[in-house]
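This report refers to the structure that appears directly beneath it.
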């Protein structure tokens, strides 16, 4: 009886948490290449400030890099943000174990929206070994769940500067898959339609191709918006000399909103922010939707607008200069009633020297499918094997059997059906491949004591998917695979459908992601399977720690 009562209370609480009140700011929606207020259809320009310090708050001696979880600090800073005419803050990492309600309400009451990065330093797509895994997807979903019911959440970034030059463009396929899956998750959970986008660096070799890549394809795969961290205008420059004219011409045909996800070059100090007049002026507002100044807090990189000493705030010259510029803008405004959205589609970039990401995207991570596969194995890794030893085992086994079933290659657009599983599940899969290839005797499942035999089982809900995928894990499972028990229904596929730290003039060290190239041949996929495990291991450890901290009722520090 008590359980039923608690369940009803929990259901009611969840319902009311998702209901917007009269005091909530209107949600921001995307129409064509612009943002609009949902209540009256007037255009929304981002007047943003990056708002996250390396040591945003401290709890029990642990540094928690989450400014939205410290009401004392955010309530202190909101009046200063309002002096800067701020209507958006960007937050780079979220600690989902902490409470954000007080700060989010205070920001709402000040008419300030939030764009939150889904990644964090320990849970992001690694540009050197890109993967899109169950653990990473679960981490992103937790951030969505934490903030979805706040109407002043403008959107989410699924990555920040993951691809940062032409050598690691393949990583963008994994970020685009994250955008696709997070957006679908938002829909599946019946949350309001919250935009999901990407924040890029301004690399001359890749910027146009990368923008086209994230803007191309069907609505279910392309980004809802695109940010570029722009540091071209330094000191007393102008629209043409700075490069702004060229960038505006390059992005004029985008059918999604584009804005500066960071800006504010500090090669000349104090910063004058004369670019503000140009950004919100007639030369740029047809294409650009504003920008986010980097950054609020003064740190060693000297990008701060204010310095903080305890609870005292001191405004710097940059603060005064930016305030003077941002408070005199008056951009032209469109309205959804008269606005005609851009309908022209952007072509996905062809692969070549400066672009190597395939339009075929990684499959949607499905933990239930991984559980099905693991239960169907006869030979599995022993529980007492240290995860630090996995790489050695992968290297040896993948020289003996084809590990394509657990590999992911963003260049070739080839992804094993189990490429999103945990390293332990993947290791068991390839151990079982070796065991069966070698004859299936007990000695074939030894691996110097690292493996053990189990009774293989296949649940009825698993059999069809496992049969279609095949013993090597390289085929696709058609249709929706409902594997129940805490997993989402998704299409298990080895080829998912779809179209696809700066110096003084750069961005924050809290940038969320870094990643790399996978090879396409069978021999390369063996090597890739071994190297991809390193990124996955970090995610497994991080997720386990978070789970333990939640169970113990303690906060977890994102550092």
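Keep in mind that glycine also has a Cβ here, set from the backbone N, Cα and C atoms.
Here is what Swiss-Prot says about this protein:
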ACT_SITE  161  active site, proton donor
ACT_SITE  262  active site, nucleophile
BINDING   92, 119, 120, 121, 122, 123, 124, 125, 126, 127, 160, 294  (1,3-beta-D-glucosyl)n 1 binding site
BINDING   161, 202, 207  (1,3-beta-D-glucosyl)n 2 binding site
COMPBIAS  484-526  compositional bias 'Low complexity'
DISULFID  74-103  disulfide bond
DISULFID  216-348  disulfide bond
DISULFID  234-265  disulfide bond
DISULFID  370-421  disulfide bond
DISULFID  372-462  disulfide bond
DISULFID  379-445  disulfide bond
DISULFID  398-403  disulfide bond
CARBOHYD  40  N-linked glycosylation site
CARBOHYD  57  N-linked glycosylation site
CARBOHYD  95  N-linked glycosylation site
CARBOHYD  149  N-linked glycosylation site
CARBOHYD  165  N-linked glycosylation site
CARBOHYD  253  N-linked glycosylation site
CARBOHYD  283  N-linked glycosylation site
CARBOHYD  321  N-linked glycosylation site
CARBOHYD  409  N-linked glycosylation site
CARBOHYD  495  N-linked glycosylation site
LIPID     528  GPI-anchor amidated asparagine
REGION    474-526  region 'Disordered'
SIGNAL    1-22  signal peptide
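Shown here: features listed in Swiss-Prot, placed on the structure.
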| residue | record | DSSP (3 states) |
| --- | --- | --- |
| 40 | N-linked glycosylation site | coil |
| 74 | disulfide bond | helix |
| 120 | (1,3-beta-D-glucosyl)n 1 binding site | strand |
| 160 | (1,3-beta-D-glucosyl)n 1 binding site | strand |
| 234 | disulfide bond | coil |
| 321 | N-linked glycosylation site | helix |
| 372 | disulfide bond | helix |
| 403 | disulfide bond | coil |
| 421 | disulfide bond | coil |
Discussion item. Tell me which of the recorded positions 120, 126, 161, 207, 262 ends up closest to residue 216 (disulfide bond) in space, Cα to Cα.
Written reply: 207
Item to complete: Going by DSSP, give the three-state secondary structure for residue 379 (disulfide bond).
Response: strand
Worksheet entry | glycosylation sites: 95, 149, 253 - member with fewest neighbouring CB atoms within 10 Å | 253
Practice prompt. Based on Cβ atoms within 10 Å, give me the single least packed residue among the glycosylation sites 40, 321, 409.
Written response: 40
Fill in: Neighbour count (Cβ, 10 Å) for residue 265 (disulfide bond)
22
Discussion item. Measuring Cα to Cα, how many Å separate residue 160 ((1,3-beta-D-glucosyl)n 1 binding site) from residue 398 (disulfide bond)?
Written reply: 32
Discussion item. Using the alpha carbons only, what distance in Å do you get between residue 120 ((1,3-beta-D-glucosyl)n 1 binding site) and residue 95 (N-linked glycosylation site) once rounded?
Written reply: 9
Worksheet entry | C-alpha spacing of residue 262 (active site, nucleophile) relative to residue 462 (disulfide bond), in angstrom | 46
Item to complete: Specify the secondary structure state of residue 462 (disulfide bond) as given by DSSP, simplified to three classes.
Response: helix
Item to complete: Starting from the Cβ centroid of 161, 202, 207, which together make up the recorded (1,3-beta-D-glucosyl)n 2 site, report each further residue of the same chain whose Cβ lies within 8 Å of that point, ordered by sequence.
Response: 164, 200, 201, 203, 206, 210, 228, 229, 230
Discussion item. Tell me the Cα distance separating residue 122 ((1,3-beta-D-glucosyl)n 1 binding site) from residue 370 (disulfide bond), rounded to the nearest angstrom.
Written reply: 22
Discussion item. Measuring Cα to Cα, how many Å separate residue 321 (N-linked glycosylation site) from the residue listed as 'active site, proton donor'?
Written reply: 28
Worksheet entry | Distance check against residue 207 ((1,3-beta-D-glucosyl)n 2 binding site) for the glycosylation sites 95, 165, 283, keeping those with Cα within 10 Å | 165
Response to the item:
The largest Cα to Cα distance in Å among the residues 161, 202, 207, listed in the record as binding (1,3-beta-D-glucosyl)n 2, is 11
